[in-house]
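Quick look at what TrEMBL lists:
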- 331-451: domain 'FAD-binding FR-type' (DOMAIN)
- 116-134: transmembrane segment (TRANSMEM)
- 206-228: transmembrane segment (TRANSMEM)
- 248-268: transmembrane segment (TRANSMEM)
- 586-607: transmembrane segment (TRANSMEM)
- 627-647: transmembrane segment (TRANSMEM)
- 654-677: transmembrane segment (TRANSMEM)
Amino acid sequence: MSMQMEIHFDQEAIATTANDTISFDSSVDYEEGQLDAPMQVVVQSGQKTTETTPRTICTFFDDKSADSDTYTDSINDFRGNFKSDQNCTVFNGAREYITFGRFFRGVTWIYAERKILVAFMAHFVCTMIIWVHFGTIKYQEQQQKVPEGAPFYWWKRLVPPLEFGSMHAILFQMSLIPFTMSRLSIANASSMALNNLIPFNRMIQFHIHLGYTMIGIIFFATIIFFTFFGLLCSNGDQSFCDKFTSEIMITGYVILCLLMIVGATSFFRDVVPYEIFFKLHHLVFVMYAVAIAHTFDDVHRLNERVRSQNFKWFAAPLLYYFCDRAAMHINHRYQTKVATITAVTSSDRIGKGARLAIVKLHRPSLFMFEPGQYALLKIPGIDANWHPFSIASGPESDYLEFYIEVHGNESWTNRLWCMINGSSFSGHKMIKRYRGITVEVKGPYGTPLGQTEDFSHSIAIGSGTGIVPIISLFKKHIHSLVRLDPEIFFSEQKVRNRKIQDVYSTYEKNKGSIFSSFLHSCAKCRDLIKSQIFWQSLPEPRIKRQQRRQSISQSIKILNEINDSTKFRTNLTGIKRASMKARLPIYGSALLLILPILGVMMLGLTFSINTIANPNFNGIEIIVYDWQVVILKSGTIIFQTLFLVVSTTVHNRAHFFTCVDVVIAIISFFVDWYWFVEDLWGKFGSSELTHFSLIIFYMTLRSWNTAVKASDKSWRKDVSRDGIFAMDKLSFIWVTRSAHLVSKILPDIVDLWDVLCRQWGENYARQVCGISIYVTDTDKKACSILSMEMKKTSLYRDSAIKFQRPDFPKIIEEHTMERVEDCRNPHSNTLLAFCGSPNLSSVVSEAKIINDLSKFITGNRLHQMQFVSESYGTSKTENKKQHAVKDNDRFLSSRSLEVYDFTTLTEA
């Protein structure tokens with residue numbers, strides 16, 4: 001059928017062969033690429049004129065011709081080309097004219113780290129409440145014991161409360177540390193809904209935080225203690241002089257020494273030999289034993305004084321930890337055989353003969369893992385110690401693959417190398433017998449990089465040795481693709497994207513807060529919405545997004561063309577105003593962090609104030625101060641009011657729990673009123689305390705979830721009912737300073753790429769997978785030799801290997817522009833996964849946030865991006881002498897390096 005088709009945009013027309021004429025109104029909003037967008041489309045066929053939508057046009061072609069897909073693609077391609085120039089101009093202009101100060105960069109850091117920051121702040125609040133609670137008890141006890149006018153009256157009144165409070169604050173840290181060492185529980189919890197609230201992938205940081213907090217409190221208490229006792233002893237009070245040699249003091253000295261040893265080796269773990277660091281860290285268990293004996297001293301045994309026993313605080317956590325270790329040993333310990341071990345030695349010209357062992361084990365049938373997790377290996381033929389390594393193989397593989405870089409002549413990795421090659425080690429000949437050798441494996445442990453089935457795209461970045469988890473993710477993606485036919489894959493992709501868009505469009509219609517719904521229903525109040533102060537709950541009207549983008553586009557065009565300083569400042573002010581509006585969600589997210597912390601504070605104060613009035617262990621009656629009750633009353637009312645405000649202005653009214661939130665908030669005010677009438681504040685019985693705790697706990701949990709959760713839901717998994725969860729595209733990015741490391745690992749990556757190209761073809765392969773390797777080695781000769789060695793590979797011909805530093809803002813922006821320009825996929829959700837150093841993680845995080853702001857300013861909020869970082873702690877300092885200490889801190893993985901810290905700290 002001969003046809004004529006014309007598409008009009010602002011008096012411009014593009015003509016193709018068709019009898020029908022399709023006219024698009026120039027006021028159409030093309031920013032979201034929806035085929036069923038509410039725009040005016042005129043279809044002329046002969047004498048008949050119809051107003052319809054692009055999706056109807058597609059249906060129209062379906063009914064009339066078998067070539068309907070061609071016409072649909074033509075329409076979408078044209079819309080994409082038109083939109084490409086427009087979005088690139090606006091996006092690049094927004095980036096060029098928007099700057100961020102120190103204050104906003106600090107806010108972005110809070111926003112990016114909000115999940116771990118909430119945990120840190122909640123821990124701080126709980127620690128201070130415990131300190132004040134027991135300090136208050138001791139303060140009132142000293143008030144009754146120390147007579148007015150006694151020597152050093154205020155020293156005796158204030159120092160014992162500080163010491164008593166600090167002791168219980170230390171015990172609180174000791175009760176939490178065993179949970180951060182329970183690796184099996186952490187690995188299991190990371191795949192549960194609880195992972196949305198607690199950053200299990202950062203548990204090692206929390207473990208270190210607890211340790212340093214405990215050491216800091218002990219140092220503070222020790223300084224105060226010796227100053228106080230020394231002052232009284234020097235004044236002639238023999239009883240205080242005798243206490244320096246009492247049993248409880250001796251155990252206190254031992255605890256202090258043990259903590260100093262553990263703390264010092266932890267702080268200098270970059271230079272302390274691994275074996276020494278690991279063994280000394282087990283002194284923590286000795287510290288727990290001495291802490292039990294500390295309060296079970298001769299004074300307590302002879303009933304001279306009743307002491308609060310320490311074991312009550314950490315006995316249950318320690319028991320849980322031992323159960324976790326027992327389960328690890330019994331249920332997650334396997335014996336397997338070596339399938340192959342490949343010994344790779346780089347040339348002397350690259351890396352001076354650096355060595356890499358690629359160990360491939362037969363995978364135990366019950367060993368299930370995800371990319372980003374690690375395992376513990378033990379080879380009895382070498383030693384009896386467990387060594388953690390990240391898993392490089394894909395989850396579907398029948399093998400467990402590990403990349404182990406060899407360092408140090410006395411190291412475990414060098415012993416493995418000698419076993420592979422049959423060379424001598426410390427004067428002893430190692431027999432070359434790696435085939436069939438038995439290896440013990442424990443795991444998997446750690447947290448996955450992300451649930452890939454929820455994402456349409458992924459930018460997977462690995463820096464240095466952090467590439468191993470990224471390789472595992474890359475292999476998983478390649479495996480999911482090679483099982484599919486490319487044409488069927490892209491056909492199903494179109495169907496899936498259309499379903500996602502339909503679901504999202506319906507979801508957007510119902511989205512909004514209770515308060516915004518009320519305002520929309522009031523014709524007189526609709527003008528109040530234009531400020532959009534309700535940043536998360538009020539979806540911006542489509543016509544206003546179009547007007548805003550047109551305004552910004554015009555302002556950027558003027559800035560690029562005019563020389564008039566007045567007009568320049570006027571248009572620049574407009575762009576900055578739009579930028580400030582785009583920052584409101586980030587400011588709002590940062591402010592929301594206050595709410596769960598306030599809830600934790602009220603929950604802790606409630607238990608403290610309502611239990612402090614009971615007689616303590618010395619039979620002294622403790623009273624509740626009026627100011628404590630005032631803080632509890634006012635804090636509770638403020639928290640409940642803020643919770644009601646957030647529930648009605650931020651929470652989505654379509655969710656069931658939003659209605660529950662409002663009901664609970666209203667009930668809480670009636671309950672408060674009842675307690676005011678009955679004068680029960682600060683005097684709760686068990687029933688009132690239970691009711692109050694349940695209400696505040698629910699509010700705190702919901703506030704915590706609101707503060708740390710991702711902003712938008714991904715519908716990809718919900719509509720993928722065929723069971724195929726392959727991502728549309730994965731961008732593999734590796735940044736490394738070592739050219740020799742690239743020469744050893746790149747062949748595996750090339751092999752995977754060649755497999756995909758053979759089955760899909762290079763054109764299709766590039767659409768679903770991208771590879772970029774940035775080599776920043778300062779040794780130009782090594783880079784030149786690497787270039788010579790890799791020039792025959794397909795990746796080198798495609799310029800995948802770049803000898804330069806990556807521009808992460810540009811990389812993320814180019815990915816976003818690809819998503820924006822793809823009209824066939826108007827809604828995307830990208831996983832930005834990073835494995836590497838914390839400093840580089842901060843750079844990537846900041847680039848991601850700035851990219852989000854640019855998307856908001858240019859009206860492209862339908863393309864979401866979530867950032868997942870697996871940082872491995874502090875940077876490891878290089879030792880030119882290559883001590884044997886560099887055994888486990890050099891294996892190839894950001895997760896492995898994180899595990900190095902984790903094992904040495906949590907094994908204790």
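Any Cβ shown, glycine's included, is placed from N, Cα and C.
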- Item | Top Cβ-contact partner of the transmembrane segment (627-647) among 116-134, 206-228, 248-268, 654-677 (pairs under 8 Å) | 654-677
- Give me the stretch from 206-228, 248-268, 586-607, 654-677 with the greatest number of Cβ pairs under 8 Å to the transmembrane segment (116-134). 586-607
- Out of 248-268, 586-607, 654-677, which stretch touches the transmembrane segment (206-228) the most, going by CB pairs under 8 Å? 248-268
- Query: Average pLDDT across the domain 'FAD-binding FR-type' (331-451)?
  - Reply: 78
